[in-house]
Structures are given as C-alpha cells and as structure tokens.
Amino acid sequence: MAEIIDTRIEPDRAIEKACAVLSGGEPVAIPTETVYGLAADATNADAISRIYEMKGRPRFNPLICHVSDMAMAEAHVTFDPISRRLAEAFWPGPLTLILPQRSEGTVHALASAGLDTLGIRMPEGFSRRVIARFGQPLAAPSANTSGKISPTSAAHVEADLGAKLKLILDAGPAEIGLESTILKVEDGRLRLLRPGGLDAAEIEALTGLPVERPEAAGATIEAPGMLPSHYAPGAAVRLNATDVHTGEALIRFGGKALPGENAAALVLDLSPSGDLREAAANLFDYMKKADASGARTIAFSPVPSEGLGEAILDRMQRAAAPRN
Ligand code: TXA
Ligand code: MG
C-alpha cells in the first residue's frame, strides 16, 4: 500500500521521500495544479516502463516531461520565439508545449515514445519543488489507470493505484482540475492538440495569432493520447440533457434545476454561480461521485463553450464516446 504524505504538514519529508523513491527508479504520485501526476525519472528507462505498466498505457502514447525552470527545459528542447514567449508568460502553469528535442538531451526515448519532439511543461505548486530538488525532468501522465477519469485528489489516486504505488504526495484538491492545454507551434502557426486548463483565448491575446483547432476531432491523432474514448466512467453518459430520466445521476451547471430532478439518483452542480473555473475544478470529482452513486447513466446538462468551457466539453464528449 502507498504511503501518503501531506505536503502541507510535512513538506520537507515529502520532498526527501519522493526524491529517494524516484532515485530508486520507482514512480511517485505528485500533486500538480492541473491533476495528480504519476511521476518518474524521465532519464531512466526502467522507471518510465513502470509508469506504462502501472497505468496499462499503450507505449505509443508519449508522456509529458515536467521541469522546474527554463534552464532544465533548455537542456532537453529548443524553443522557437513564439514558444519561448508562451513559456515566459504562462509557466509555471497549465500549458504543455510540443518542442523539438535536443540531441544532447537525456530524456529517454521511452518517455517520448520515440518521437523527435517532447511534450514539456513547468507545473505550478508542490510538484515543482520536487522536480527542483530531484534535479532532472519528471515524466508524468495523469495518475490514473489508462482511459479512466484523471485524479484531482490524493484519495482518487489511492483508490485507483494505491495498491501498486509506494508513495502519494497529498497537497489537497488540484486547483485547476483539468489537464494542461497542449500546443504545438509549427511554421509560426499555433495548433491546439488538447484544450485544457489554460484558456486558448489567453494564448491568442498574448501572441495576436489564432489558435487552430483540428479540422475534425479524431481525424488525425496528433497527440497520440487523444483517443476518442477517455475519461470513461463505468456508467453510460448522456450529453446536453434538458431533463432527467428516473435513476440517472445529473451533473448540471449554473444553478438551474432540470425537469425530473426529483427522480434522479444524485444531482450535482459544477458551479451554481456559473463560474467555469469552479466547474473545471469540480468536473472529475463529480464524475467519480456520479459513477459511485450506482446510477446506470450520468446526464450532463449543457455548459457554455467559451473559455475553459471548451476543455470541459472536450472531457464530457470523451466520457460519452463509445468505449475502446
Ligand atoms: O496537466 C497535465 O498535462 C497532466 C499533469 C500530470 O501534468 N498530465 C497529463 O498527461 O495529462 P497525459 O499523459 O495524461 O497526457 C499527455 C498527452 C497525451 O495526449 C500525449 O499523447 C500528449 O500529451 N503528448 C505527449 N508528448 C507528445 C508529443 N511529443 N507530441 C504530441 N503529443 C504529445
Ligand atoms: Mg491522462
């Protein structure tokens, strides 16, 4: 069983223990501002293999490498001018950049699944302190079994992977609650590979350039992890619900009751006041609660598509997609 250390109570012991486990080539669950990550030494092939094994993750799906400062990033990737501006503006934070790897870089090819690019980001919060102390980038996917809902608390991680893990660092609920936005700059064009915790409109405001969405979802899988079915709860999922069927769990938004709610198994509101940030932070936890209610179907009422709504809707659609 995993040991759980509360980073708010024992920050120093948390860092020391995490670094010891990482040095031994074992993964550690760490809190980032987006979701909890399953982190391992990105330069150690055995350690990275353990991540893929623990998650049951296909090995063609590359991992994001997490760094604590620009110098660490620059040891492994090269920045074009636009990517550099984005990193300077939004790091530490929920933005992953896909950048060419340096030949001198020491991230193992297993982490990038053999690609010549690397997904890289500088996380906010306690995980950054762990990376700084460890002194090497940490490869970290979300700390959940592949295809399942990403964890936004240490308890989520424990329930899913606790039996396989040595150590979970607990920093409380993840602030943002959605994975990072993934962006690739190509020939001066900004391509959104995954909507996430950084609103694409903020990227457009900084650069003055449009953020291009893929033409059709799933047309080409640019971020290999973006399989249509992901974030799958056990229950079936019904989108755009305007009423509730008997026995369904309802996840709604904006404090507005739906017809039929009194026959629902459970009613949760992502943000009664209609705040998309609050909704993002609650989404995965509420999906897990709705699933645990035993309802056979989870109904989602509509959420606005602007701002963080884009990433929230993306996760809801993936939860509803036919399971692979
Ligand atoms: O917020 C996050 O990004 C969290 C926390 C832990 O940092 N991590 C996360 O990792 O969501 P994961 O493994 O669940 O998703 C990583 C995504 C996958 O869709 C993967 O295909 C894509 O990033 N990716 C990684 N490296 C890539 C690369 N070189 N080119 C294209 N896509 C890449
Ligand atoms: Mg994931």
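Even glycines carry a Cβ here, placed using N, Cα and C.
For the L-threonine site, TrEMBL records T34, H66, R121, A140, S142, and the single candidate of S83, S103, S180 listed with them is S180. Cβ packing within 10 Å was compared across the binding-site residues H66, R194, and the lowest neighbour count falls to R194.
Comparing A140 (L-threonine binding site) with R57 (ATP binding site), their Cα atoms are 12 Å apart once rounded.
For N61 (ATP binding site), the nearest of the binding-site residues by C-alpha distance turns out to be S142; the candidates were T34, R121, S142, S180. Each of T32, V35, G37, I64, P94, T96, P123, P141, E179 belongs to the same chain as T34, H66, R121, A140, S142, S180, is absent from that list, and has a C-beta within 8 angstroms of the C-beta centroid marking the L-threonine site.
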